[in-house]
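Everything on this sheet refers to the single structure shown next.
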Amino acid sequence: MACSLYEWLWQHEFWLPPGITWEDMQESEDTHYPQPRDLLLSIPFALALVVIRWAFERAIALPLSTKLGVRDKQRPKAQPNPVLETFYSTRCKNPEEGELLSLAKQCDLPVRKVEKWFRRRRNMDRPSLSKKFSEACWRFTFYIISFFTGLAVLYDKPWLWDHRECWTGYPQQPLQPSLFWYYMLELSFYWSLVFTLPFDVKRKDFKEQIVHHAATIFLISFSYCANYIRIGTLVMVIHDASDCFLEPTKIFNYMKWKKTCDSLFMIFSAVFLISRLVIYPYTVLYNTYYYSMEIFQPFFGYYFVNVLLIILQLLHVFWSCLIIHMVYKFILQGTMEKDMRSDTEESDKDEEREKIREKEKNGITYFSNVTSNGYIQRNGSEPLNNRAHLANGHAKER
């Protein structure tokens, strides 16, 4: 069954242009072509990256965050409560009004305190500032290495300057060792991001991130198997260009360096919008859709790779809308808005209101006592202890 499925999946009619078979892609001593089995190497490499990241964040990023003054906010902890903890863990982290009333009755607590407990419990699960800083440092380090690795690999390649060269001799384009290792580096990194998704900082675009990682892994894997190596390298280096500015923007934001953060954010916005909405459509989408047709007729693999590339472009448009909105706010307000993808920490507003009400109540009580004492003194029943009362109810020593 497995052999039959494998043979059906890798029919040359699916993945190769008309007139080309897998026999035409046979390797020799001097010529090597991409093999699907090579992709299995990305899994151990991804696990190695996870270990390297773990060591990097603890040995370098966390100490660096302390030296740069990144401090975690002190969050009030939720008091131990087995009933509420069980509901939080198994049912829902943000209960509705009816559920709050039921839980309040079970715990014999006011509804307001149950609400406060859930707010504090949710805040306890949110990542600390040092964790966000460490994650941004790791991504920044990788994107810098990956971007300059891509430039070093591609600077002498003809298809970087003439995009029609992506299809010269396709699909019988030998695999060069530098391109192989560049592919393994990128694919392993995105696999490592998938492995660490449950532990990374979760943002509002979490679902879009999953789609992005899945589309990127499929695209890299498919482009390798079908020998779209040249177009794949262009996609990867274009994506890394803007990411090199995104992560330091976050780092300086966590450090409270507002001016530096704002400047980097504007640079990132310009690079992102130009690279994803201008360079990517022309260099990649137009290239794969039109230039490839000068070499071969459409086939299933042609449509499949274009669908994956368009999915990436739709995600580019989604994130571009968020960035343009933030730029608009920046122009109006003169300072960068917080990351719209971030999950905002909740504050104990009810607790703050209670404190305000308590202060107001104490002030009213004090005012009432003072005016009562003034009334008693005017009636000659009790001395004022040598104090004069002002019109606002406060007392002043004579």
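Glycine too: its Cβ is placed from the backbone N, Cα and C atoms.
According to TrEMBL:
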- 86-129: DNA-binding region (DNA_BIND)
- 341-362: compositional bias 'Basic and acidic residues' (COMPBIAS)
- 84-128: domain 'Homeobox' (DOMAIN)
- 131-332: domain 'TLC' (DOMAIN)
- 341-365: region 'Disordered' (REGION)
- 377-398: region 'Disordered' (REGION)
- 39-56: transmembrane segment (TRANSMEM)
- 136-155: transmembrane segment (TRANSMEM)
- 180-199: transmembrane segment (TRANSMEM)
- 264-283: transmembrane segment (TRANSMEM)
- 303-328: transmembrane segment (TRANSMEM)
Message = Assess whether the transmembrane segment (180-199) lies in contact with the transmembrane segment (39-56), where contact requires at least three Cβ pairs under 8 Å among residues 6 or more apart in sequence.
response = yes
Inquiry  = Based on DSSP, tally up the residues of the DNA-binding region (86-129) by helix, strand and coil.
reply    = 32 helix, 0 strand, 12 coil
